[in-house]
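Over in Swiss-Prot, the protein carries these features:
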BINDING   124, 125, 126, 127, 128, 129, 130  ATP binding site
MOD_RES   231  N6-carboxylysine
């Protein structure tokens, strides 16, 4: 279903753009438009269906999935395909443009005006989702409304929902919907794919934040330099008004140096930023199963609090979120006050180091982290709270950077007392080959390593052998709503399977 925007007569909307029309026998001046979408399955009668060239196929090839729409916006290649392949148009107006992206932005801004909402964005390899949700939670605690664009809680039927950053039309629509609901802010994750492919349109962020950069998406960027340059683009050419940069990594330091010294910087390591007037110092400490943190502002104001999420990274991401809010003009004393009154930040992020446990069952952790760095972070956190054995379930995505699979096997083998290698989003790769590549990374005796293709069976097997003081870590899948196999998105919930496994454990079967 397409999110509805501001209604226009199609003829009036066309006058405000430079699109060129093909000859159409039907009259369309009285047609109304109230939505724009690039997803064929969600097109409704009053929508413009946007059919441009995708990564592997052209959008007009999906016209047979469109039941009815106000018009089709395409490019010259799309028109050629329709003419040569005689694809059905059902007398629908066809709008042809020589400038697909720029015209799409003009249309999206008209139908989904977003000029009166303050937008901030977060980029980096790891920590985008949690930092965004933490920032939104802190705003909520202060009585300030914040819309978010997120993959958390999405369903298999939402075709773009598992994109870190939605397609351009969907992003504008979500921001507009938040604005209509009287949200004061909107937070988004800015993936390197979205930055490269123009999915952010001409949105200018009030604050852009950088978390970190570790190897990922090498199938897209080919090397780390290209990956870094994609991220860096968010901080250049007036794409953002201010910046917050984590300088605990070499790429963070480089980004700070290459984009000017006006950014706020945050670090655990004082030697990196003490001379900078906008330096924020963060430190983290273990508090039971959660983590406490101390954040010292450039003026010396000290915030001491904690977050209920498991893992040091979430405490550091909370510090990052606080700095972002301060850059948005939120008073640090106000943030400190709500944290003190609440006794820290208490929240759950589905699929992000999410803990499941009932009675005397083993602790089961479900985590979305699938990069080498994120998986190691999860392993360290899980190991640190485990009195018994750490039992790990790992998978790796098909058609996504195969070079990391051996490293995943090496890490999981080193930290785990028992390892199950299973299948995830194999896509069009042979899942057995993916498992073999992970297994190749496991060093030493492999008697504690088992391959179980079915993720459900792997979960049941892990819980069956676990004792009450053991931890089962399900790493790499999180709250994804489906399994992507051979072009089909099969509805699936790892979290539900974990719940069933724990119910079975409680029943002793």
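Just so you know, glycine gets a Cβ as well, placed from its N, Cα and C.
For residue 124 (ATP binding site), the number of other Cβ atoms no farther than 10 Å from its own Cβ, over all displayed protein chains, is 26. Around the Cβ of residue 127 (ATP binding site), a 10 Å sphere holds 28 further Cβ atoms from the protein chains shown. Its Cβ taken as reference, residue 231 (N6-carboxylysine) is surrounded by 24 other Cβ atoms within 10 Å in the chains shown. Neighbours of residue 130 (ATP binding site), defined as other CB atoms within 10 A of its CB across all chains, total 27. Cα-Cα distance from residue 130 (ATP binding site) to residue 231 (N6-carboxylysine): 18 Å (rounded to the nearest whole number). Rounded to a whole number, the distance between the Cα atoms of residue 231 (N6-carboxylysine) and residue 128 (ATP binding site) is 12 Å. Taking the C-alpha positions, the distance from residue 126 (ATP binding site) to residue 231 (N6-carboxylysine) comes to 13 Å.
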